[in-house]
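A.B. asks: The structure that follows is given in the form of structure tokens.
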């Protein structure tokens with residue numbers, strides 16, 4: 001790029017022409033007013049850049065905002081130019097196109113006449129609009145992301161949050177670095193602007209010089225018409241002086257008012273020598289050009305420096321724009337990361353609040369349920385304690401009964417000892433038998449006959465009619481075949497509801513009970529034998545079906561009250577009875593008693609009792625063949641067991657149990673004798689002899705105390721222990 005100074009026919013400065021070596025296109029600065037306009041536009045652009053970068057309030061020196069505004073105002077007043085940047089159109093010429101200085105193209109000039117800064121600003125606004133659209137899309141993506149439920153990945157989100165915070169810190173560091181680089185670029189821009197200002201001042205000093213007249217000196221110049229014009233030697237001398245002064249001013253460090261300038265101007269110079277020697281290289285007088293082809297060498301560097309300054313300014317503006325754009329993008333990314341992290345944290349806090357609320361509700365429900373269970377446990381504990389007290393009272397009453405039995409047995413033993421002593425006193429020691437010996441032998445024979453009756457055989461070895469069959473026939477005749485007995489028993493148990501508590505509280509702990517029922521869910525038969533399980537089952541039945549009369553009647557009958565009628569039948573006097581003779585003081589002792597409650601089918605519910613009875617007589621407790629047994633030898637039982645009988649009782653309160661109504665059935669299964677041998681000298685024979693002696697003395701004592709005969713002494717005992 002090269003520049004030339006252009007003058008008109010009168011010698012006035014028209015402008016500076018810039019020539020592109022490649023295209024040979026020449027741009028011309030039209031006049032000094034265009035230079036002022038360019039300077040005003042440049043100062044306005046610097047002010048705009050300072051406002052964008054927020055560097056104006058802190059700027060001092062030549063580029064302070066106040067000084068720039070004042071400078072723009074002064075230039076506007078001198079050249080009548082408005083401070084705002086106008087639209088400059090290119091000046092056209094018929095021969096060669098020229099362009100004012102303020103419209104000189106920048107390295108990236110546009111075709112519509114707008115300046116580089118204006119175009120870049122429009123591009124920056126468009127990019128910001130695109131960034132805002134991208135930010136909105138990112139926010140939508142974040143909103144969609146944060147709307148998802150992430151309760152099960154809380155730890156993963158917390159890790160992502162930490163990573164986002166680390167990325168935020170890195171972005172913040174990068175933003176600070178970009179801001180530092182931006183400040184450095186601003187300082188470089190201000191330095192370049194200072195250099196440009198200095199160049200502009202030099203150009204202004206060049207422009208303010210007065211042009212020479214057409215007749216000021218000799219020589220040949222080119223007119224606007226293209227014809228050579230001859231000037232005088234005096235004019236040529238004056239023109240040479242002025243050109244010499246201009247060259248000295250441009251090269252001097254003090255272009256205005258310096259002593260060197262005055263000395264140069266006032267020194268005598270030969271006019272012709274000045275015209276031909278000093279200015280031979282300054283002008284080209286060739287015909288047909290009409291323009292000065294060469295100029296002072298100091299002018300060319302000024303125009304090239306202006307172009308270079310413009311290029312530097314454009315490059316710095318572009319770099320500043322890119323820096324601001326990148327900083328804006330980083331700020332947007334930082335804002336997106338912050339908003340995303342806040343949204344995730346808020347979502348997690350809401351989920352934690354929901355979990356805390358659910359946990360509180362669960363704990364409240366659990367506490368309520370535990371309180372209900374605790375109250376139930378307390379009620380059961382009170383019930384157990386109450387039952388324990390009842391058992392203690394029952395045991396105390398049983399203990400009192402046992403003590404009473406012991407007292408009676410002790411009195412009986414005393415009576416036996418007294419009778420033995422009386423017999424010893426009456427015995428004379430002869431070989432003849434006394435009356436008590438005869439009574440003992442008679443009683444012994446009666447006991448043997450009774451044992452044989454229980455066995456079902458006679459003394460001659462012949463089999464008699466079975467006692468079991470006789471007793472069962474009596475049961476059928478008196479009870480089993482009589483429907484009135486079942487109806488009376490049903491009325492008896494209906495009128496006594498207290499027997500249910502007696503069964504569950506008193507009889508259940510000391511008897512063997514078994515409850516069989518059908519499970520409604522599985523349909524299988526279930527069996528309960530534990531006391532607590534049986535009580536819990538009947539308690540649950542009361543809650544489900546409290547009006548079930550059959551179950552209540554069965555519970556009231558499932559105790560020893562069912563044994564009253566069959567025991568009374570077995571202990572009456574007669575050959576067909578189990579305890580048939582009152583002379584033996586025979587008793588029935590229940591050694592084993594078990595109750596089975598069958599509740600599987602409604603209408604056929606029943607209770608079945610299996611009882612094992614021991615048939616006993618007094619054995620002469622404390623004596624052995626008339627002598628007392630010591631404590632070291634061991635204690636002798638007060639009763640002698642003769643046999644054992646198995647009795648079965650069935651009772652059903654349901655009216656459909658039998659065609660005639662409720663069911664009552666007594667059955668004697670068998671009788672198993674305990675004493676089977678009567679050989680002399682055996683333990684069984686000695687036990688029978690001792691029992692016969694006791695029974696004989698007891699009968700004799702009864703006769704002596706006022707009894708008329710032996711038949712009045714029918715003091716048999718029948719009981720249930």
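Quick reminder: no glycine exception, Cβ is built from N, Cα and C everywhere.
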A.B. asks: In TrEMBL, which of the ranges 185-209, 210-234, 235-259, 260-284 has the region 'Disordered' annotation?
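C.D. replies: So the range that TrEMBL calls region 'Disordered' is 210-234.
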A.B. asks: Between 76-120, 121-165, which stretch does TrEMBL give the note region 'Disordered'?
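C.D. replies: Within the set 76-120, 121-165, TrEMBL attaches region 'Disordered' to 76-120.
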A.B. asks: From the ranges 11-38, 39-66, 179-206, pick the one that TrEMBL records as coiled coil.
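C.D. replies: That would be 179-206, per the coiled coil entry in TrEMBL.
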A.B. asks: Looking only at the coiled coil (179-206), report the model's average pLDDT.
C.D. replies: 84
